[in-house]
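**Q** Take a look at the following structure, please.
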Amino acid sequence: MIELDKQSLPLFPEDDWFCAKVEVKSPEGDIYSFPVYRWIADSKVHRFKDGKGLGNCAHLKSCSNHCRCKTKFVMRLKQFPNTAQNPIFLPSEMNVLFCFRLTELKLKGLDNRKEKWDNIDSINRVFCCKNTEISEYVQEHWKEDAFFGYQFLNGVNPILIQCCTTLPSNFPVTDDMVFPRSRCDLADEMKKGNIFLCDYKLLDGVKANTINGKKQYLMAPLVLLHKPPDNKLMPIAIQLKQTPSDDNPIFLPTDSEYDWLIAKIFVRSADFNHHQLNAHLLRTHLLAEVFAVSLLRNVPMVHPLYKLLKLHTRYTLQINFLARRLLISEIGAFTQFASSGGEGMFTILKRSVSSMTYSSLCMPDDIAERGLEAVPNFYYRDDGLKVWDIIHRFVQGMLGYYYKSDSEVQQDSELQKWILDIFEHGFFSQAETGIPQTFTCVTELVKFVTMVIFTCSAQHAAVNSGQYDYGGWMPNTPISLQLPPPTTKGTTSEATMLATFPDVNVTVQGMATMWLLSKQSSDFVPLGQYPEEHFIEEIPRKILKDFQMELEDLSLVIKARNKRLEVPYTYMDPAELENSVAI
């Protein structure tokens with residue numbers, strides 16, 4: 001162990017010191033390495049152990065209190081996981097800048113215009129101020145059924161779609177509706193695995209926002225899709241409310257152009273709100289915060305788990321604090337401008353927490369449970385499962401080096417406190433979620449840590465990085481809608497669609513927020529890169545090198561595949577995956 005203290009010098013101002021590591025050469029010529037990677041901001045004595053940490057070894061205990069961060073959970077109502085306290089108390093190295101980009105998007109002046117859009121060309125002129133290759137494709141193809149179906153697989157919310165083997169009782173679709181002039185029938189197609197369902201029941205009955213003094217509308221649709229022989233997933237029926245009734249028609253591709261288009265627009269708006277609060281905020285940001293706070297509270301710096309996960313928690317606490325202040329507070333952009341902002345947000349989060357399970361967070365289990373193993377053109381699944389497997393091999397190698405038996409896992413009190421804190425504060429001690437309360441074996445530990453790293457890196461990228469690509473063109477992803485859906489068919493027009501869209505200021509606030517959240521952080525660290533040298537032993541360093549090489553190989557495969565695709569899928573490319581939830 002070494003002791004470090006930063007002494008003040010006369011006539012010199014106080015200055016914080018960031019110490020990366022200390023190396024000590026003994027009289028015999030041996031080199032001892034002490035990873036620190038901490039700001040030292042006071043004159044107290046700080047103690048650090050050498051980098052050869054072993055799980056729960058007795059000699060680690062003497063420095064545990066000096067190597068943990070004093071971070072606390074703040075108790076919340078049982079609506080979303082408990083979170084960290086004000087980041088003024090957080091480690092200084094977690095600070096990161098966060099600002100909105102209305103100026104960068106050249107949207108200044110539009111953010112106060114509370115009028116409706118008068119035509120599509122006006123939306124286009126704003127959109128052209130800043131676009132991407134994919135957002136341009138979206139603008140050209142957003143009305144097409146094939147692209148509508150594609151987004152359920154490879155857009156920013158790929159976690160909702162599931163194979164449909166039995167129609168829900170509240171979705172009375174008939175063969176005559178969906179296969180009027182075809183030999184197909186629903187029963188046979190469901191048996192073949194060709195029918196898919198997206199059910200937004202989490203949004204049912206949610207109180208919609210009031211924006212610019214006007215009531216907004218948020219539906220809870222059911223969407224039925226069919227995979228024909230050409231393998232392009234096509235929507236075949238949309239019901240916009242959960243309860244069937246005469247004023248809640250089932251919209252079909254054979255309906256009038258604007259009846260069908262407006263039904264799809266309501267689905268896309270519902271998808272935005274479902275995605276932001278469930279897939280994005282809860283299942284990546286808030287969970288990553290629970291993992292990080294429990295790590296800082298319970299696991300000393302010398303512990304192998306701390307070394308393995310520290311870089312996967314980088315900036316997460318600070319970015320989440322800023323998001324709570326600037327996005328979902330009473331004056332936040334989401335609260336003010338999204339249809340689920342305000343009271344509705346808490347209803348959706350509470351329901352989402354109640355529906356969250358361990359298996360839904362583990363990609364191989366989730367894909368199997370949703371019956372999507374054989375769906376073609378599902379690049380989120382294809383790339384994600386490969387990333388999961390690479391991370392799993394890496395974690396297995398690392399933890400297998402430190403834990404030689406299941407009993408060593410069971411006896412590691414710091415490891416057990418870490419998972420218990422997660423179970424209690426992230427999942428409110430609900431055993432039915434499947435989240436372990438203790439670790440009983442190495443295999444169980446490896447799977448859980450794989451899930452943590454995957455959630456903080458790959459899964460966050462999958463639901464975050466494409467937000468502006470798919471949402472920059474507002475008609476494809478309206479953050480709110482201000483007319484109710486049609487209750488009878490044949491009453492809609494282009495004017496109806498324009499009147500339904502959000503106002504100008506709501507549109508540009510949504511564009512600015514999605515642009516910001518999609519931007520790569522200025523000091524981006526890709527998955528697999530560990531700039532801080534916490535692992536100093538030869539075998540862990542070799543395992544880390546193999547991990548990096550596997551990720552590089554997968555990146556090349558994905559890039560080669562994307563060259564052949566009309567719409568490239570880049571969100572699971574290891575070269576584009578941030579190590580942590582850092583934006």
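Note: Cβ is positioned from N, Cα and C throughout, glycine not excepted.
Keep in mind that TrEMBL annotations are predicted by a computer and have not been checked by a curator.
Sharing the record's features from TrEMBL:
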| type | residues | note |
| --- | --- | --- |
| DOMAIN | 1-54 | domain 'PLAT' |
| BINDING | Asp15, Asp16 | Ca(2+) binding site |
| SITE | Trp39 | site 'Essential for stabilizing binding to COTL1' |
| DOMAIN | 102-583 | domain 'Lipoxygenase' |
| BINDING | His280, His285, His460, Ile583 | Fe cation binding site |
**Q** For each of the binding-site residues (Asp16, Ile583), count the other CB atoms lying within 10 A of its CB, then report the residue with the highest count.
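**A** Result of the Cβ crowding comparison: Ile583.
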**Q** Closest of the binding-site residues to Trp39 (site 'Essential for stabilizing binding to COTL1'), Cα to Cα, picking from Asp15, Asp16, His280, His285, Ile583?
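**A** Result for Trp39 (site 'Essential for stabilizing binding to COTL1'): the nearest of the binding-site residues is Asp16.
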**Q** Within 10 Å of the Cβ of Trp39 (site 'Essential for stabilizing binding to COTL1'), how many other Cβ atoms can you find? Include all protein chains, please.
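**A** So the number of other Cβ atoms within 10 Å of Trp39 (site 'Essential for stabilizing binding to COTL1') is 15.
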**Q** For the domain 'PLAT' (1-54), what are the DSSP-based totals of helix, strand and coil residues?
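**A** Tallied per class, the domain 'PLAT' (1-54) gives 0 helix, 25 strand, 29 coil.
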**Q** Taking the centroid of the Cβ atoms of His280, His285, His460, Ile583 (Fe cation site), which other same-chain residues have Cβ within 8 Å of it?
**A** Leu281, Thr284, Ala288, Ile319, Val463, Asn464, Leu517, Val581
**Q** Take the C-alpha atoms of Asp16 (Ca(2+) binding site) and His460 (Fe cation binding site) and report the distance between them in angstrom, rounded.
**A** 33
**Q** Out of His280, His285, His460, which has the highest number of nearby Cβ atoms, where nearby means within 10 Å of its Cβ, if these are the binding-site residues?
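**A** The residue with the most neighbouring Cβ atoms within 10 Å is His460.
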